[in-house]
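*Asks:* Following this message is one structure expressed as structure tokens.
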Amino acid sequence: MVPQFSGAFSAAQFPTSYQQTAVAAAPTNATGRTVYLGNLPPDAPVDEILNQVRVGPIESVRILADKSCAFISFMDGAAAMNFYQDASTRKILIQGQELKVGWGKASPVPVNVQVAVSTQNATRNVYLGNLDETITESTLREDLSKYGPIDTVKIVREKNIGFVHFLTIASAMKAVQSLPTESKYANKKVNYGKDRCAQRPNIGNGTTQYAFPTGLNFQSFSNMGFASFDPYQNAVVAATSHLDNGSELRSPTSPLFSSASSAAGSATSGSAIGNRTIYLGNIHPDTSCEEICNVIRGGILQQIRYMPEKHIAFITFIDPNSANSFMYLAQQAGVMVKNRRLKIGWGKNPGPLPGYIQLAVNTQSASRNVYVGQIDDNMSEEKLKRDFSEFGEIELVNILKEKNCGFVNFTSITSAMKAIENIKSKEEYKKFRINYGKDRCGNPPRNASASSSNGTGGKTKGRNNGESDARVLHAGDSEAGNIDGVDDEVGEEVDE
């Protein structure tokens with residue numbers, strides 16, 4: 001399963017513009033937002049399991065005690081990827097048992113949850129205010145359990161407030177909707193609090209920060225001249241006395257939320273914010289574009305622009321979250337091609353993804369890889385390259401004879417869209433099955449340190465081998481929109 005990332009984190013603690021963007025992109029979040037945890041002890045408390053999660057808001061948690069496993073579905077594919085990477089590189093122990101980590105089945109965020117997140121800042125955490133002393137944590141658990149399974153309950157007695165974390169946002173939505181109609185809670189404040197899994201404890205300076213995977217060195221970015229980087233960007237809330245359980249009431253109209261969001265926005269205006277383009281330097285002169293793509297993992301590409309005479313390349317991802325993920329992994333582990341460590345930096349910000357590309361990605365699973373199926377023995381890689389080269393620069397062509405199919409990987413998704421739209425105008429291609437294949441750059445990182453060649457001149461083919469890579473994402477022929485005259489150039493400037 002290949003995680004695909006949406007255009008924005010869809011967390012309830014984000015400013016309205018981020019929430020709206022997230023909801024609009026939610027249909028593309030189906031793959032890679034659910035993480036599987038196996039080898040759970042039979043009596044493992046759910047709160048102990050979720051104590052391990054500090055990377056992003058959770059949409060739902062399913063515990064299958066009879067199968068000793070759990071599935072954690074995040075609101076965002078990037079958060080799922082962050083947790084997967086973190087959990088895969090360190091041991092997660094529950095009652096002395098090491099958990100297994102994998103990917104769960106793909107599923108979209110339910111539409112009603114998307115809407116509630118966008119319009120009400122919904123999370124799985126329900127805030128209750130004006131609690132009297134007769135209401136205890138046991139009382140809250142008993143009264144609210146009818147709405148769904150509960151993760152944790154906590155009362156802050158000195159503030160007369162409480163927090164009930166459900167296992168799903170849907171359960172919290174039911175509670176928020178129904179509690180004000182109950183006489184016992186009619187005079188209580190009821191709203192959504194922050195998901196405890198989307199933050200980490202106060203670090204001592206009055207600022208609650210949101211977590212990225214363990215091992216990310218935020219300071220390394222500022223030392224290199226990059227903006228100090230918080231993956232939740234404008235969602236940082238600068239205020240004192242915020243508790244890890246989400247004691248801050250987050251109303252989108254509250255002065256605290258508005259002022260904090262504004263302050264955070266002005267503090268994170270560096271080149272990393274929203275940027276989708278990565279700069280690669282110090283590239284060996286004999287390196288091919290294919291070899292560069294072989295070490296790019298974590299997100300599908302809009303374009304790769306390679307300038308061998310300058311020993312540099314610019315990699316533009318579809319999603320800025322993918323670019324950020326690749327950046328921090330590259331800074332930690334390095335990227336090696338032909339025994340040469342590449343320089344990594346931010347390229348010129350290309351701005352938002354063009355709408356026609358976003359539409360093609362959302363509706364047709366567009367990528368820069370074109371699948372050609374039902375080919376015969378007369379088809380060769382050379383012929384495919386010759387016939388498709390009129391649509392744009394090609395990075396890799398390969399044929400799987402045993403599956404009667406081939407793949408043409410362009411350097412630009414726009415070129416692939418042109419090919420999909422026009423190749424069947426050629427008579428001999430009318431009998432073939434044409435569609436988008438998977439961009440191998442969207443596969444999860446194979447290991448912490450990537451290497452494409454041993455320096456002896458041998459090339460490691462980044463082929464789409466195997467049944468999973470040979471599959472077509474959408475059956476039948478695709479129709480791409482009119483893309484004539486659209487400039488797909490990426491700036492060559494490297495931001496200082």
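Each residue, glycine too, has its Cβ placed from N, Cα and C.
Per TrEMBL, the features are:
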DOMAIN    33-106  domain 'RRM'
DOMAIN    124-194  domain 'RRM'
DOMAIN    276-349  domain 'RRM'
DOMAIN    368-439  domain 'RRM'
REGION    436-496  region 'Disordered'
COMPBIAS  464-477  compositional bias 'Basic and acidic residues'
COMPBIAS  485-496  compositional bias 'Acidic residues'
*Asks:* Please give the average pLDDT for the domain 'RRM' (124-194) in this predicted model.
*Replies:* 95
*Asks:* Tally of helix, strand and coil residues over the domain 'RRM' (276-349) according to DSSP?
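*Replies:* Output for the domain 'RRM' (276-349) reads 23 helix, 28 strand, 23 coil.
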*Asks:* Provide the three-state DSSP residue tally for the domain 'RRM' (368-439): helix first, then strand, then coil.
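*Replies:* Per DSSP, the residues of the domain 'RRM' (368-439) fall into 30 helix, 23 strand, 19 coil.
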